[in-house]
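Student: Pulled from TrEMBL, these are the listed features:
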TRANSMEM  66-86  transmembrane segment
TRANSMEM  98-124  transmembrane segment
TRANSMEM  136-158  transmembrane segment
TRANSMEM  170-190  transmembrane segment
TRANSMEM  210-233  transmembrane segment
TRANSMEM  245-270  transmembrane segment
TRANSMEM  285-307  transmembrane segment
Amino acid sequence: PWGHLTPPRSPPQSPKVLQNETFVDMDLLDLLGNFTINEDYLVDYTASEPCHNAYCPFFQRAAPTFLATTCVAAALATGTLLVALAKRPHAWPCHRALVAQLAVATGLFAALLPAVAAGIVQGWRLGAGACKVTQLLWHCSVFAQGLLVASGCCSGVWSRWEPRSQRLAACIWLGALLLAVPAALAGGTVAAPEASCIRRNVDIFSPVYLLHLTSCLCVFLLLPAALLVATLVRAGRGGGWGSGVGASWLFFVLWVPYGVGLAVDFLLYAEVLRYTCSIFERFDYALGLCEALGVLHCCLAPAVLLATGLC
């Protein structure tokens, strides 16, 4: 994740006992209270060293090129989709309003990529306020797409652009904006060694980050799970797939791994899952790759809509 900084960590492990090179659980106070301490039971507390993160240097080298390339591809795909939507509306005989909103959402997401890429290369010079606004719009565009494609699967309200569909669109965008607010509040800028715009500069147990994590898990994990159950129930009753299935499943396939990664990341930081330095350091790469996969939606989703349409 852009600006993902992981502080040095010490893997949870029991004190190392020098006798027979084994690990046992020992209470230091009990040792100090024992007046007949044997040298064979001296505890080595130096075996636990901080985990050193090697992901950030790799991220700073690879992310700008990846983001710039994705931005160009997304601009071409989204622009082509909007032109096709304007000149060939018959290609989408229904749900044109939904296609247009998805194009706007992916375009908004792609428009933020140059600022993020420049911030990674040169340091974030736009200030903390711009960092929070960027994260707000970044997450709002993603959450809006998730809610839009879900509504396209479950409802026929988009068949006509009428007051009911207009109210639904307003609710979706307002809901996406509200879901994105915790992301903006949890992030910010740090100077390490130069200014960086990071996703999280608060404690992982802070209420604002927990709200952000909950929003991501609801959109990236719970929503596709509910859609899958609904699709299976509908198929069991002989119903159709509904509109927008291809585009919706593409979006969720790309973002579900990142949702899983966020959940595992929280469990690691909370020490619910036991880990070693090797696991902790490699997981940063896995989480970064998961987010990179999700970022690709801004160029792949318009291409799928352009190729197949939503009907």
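Along the chain as shown, the residues are counted starting at 1.
Glycine residues also receive a Cβ, built from the backbone N, Cα and C atoms like all the rest.
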Student: For the transmembrane segment (136-158), give me same-chain residues lying six or more residues beyond its boundaries with a C-beta closer than 8 angstroms to one of its C-beta atoms, as numbers and ranges.
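Tutor: Those are 94-95, 97-98, 101-102, 105-106, 108-109, 112, 116, 164-165, 168, 172-173, 175-177, 179-181, 183-184, 215, 219-220, 223, 227, 230-231, 242-245, 247-248, 251-252, 255, 294, 297, 301, 310, in sequence order.
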Student: Take the transmembrane segment (66-86) and find every residue of the same chain, 6 or more past its ends, with a Cβ under 8 Å from one of its Cβ atoms.
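Tutor: Long-range Cβ neighbours of the transmembrane segment (66-86): 2, 92, 96, 99-100, 103, 106-107, 109-110, 113-114, 116-117, 120, 292, 295-296, 298-300, 302-303, 305-306.
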Student: Given the transmembrane segment (210-233), which of the listed stretches 170-190, 245-270, 285-307 has the most Cβ pairs that are under 8 Å apart from it?
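Tutor: Result: 245-270.
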Student: Please give the sequence-distant neighbours of the transmembrane segment (245-270): residues at least 6 beyond its ends with Cβ less than 8 Å from one of its Cβ atoms.
Tutor: 102, 142, 145-146, 149-150, 152-153, 204-205, 213, 216-217, 219-221, 223-224, 227, 231, 279-280, 283, 286-287, 290-291, 293-294, 296-297, 300-301, 304-305, 308, 310
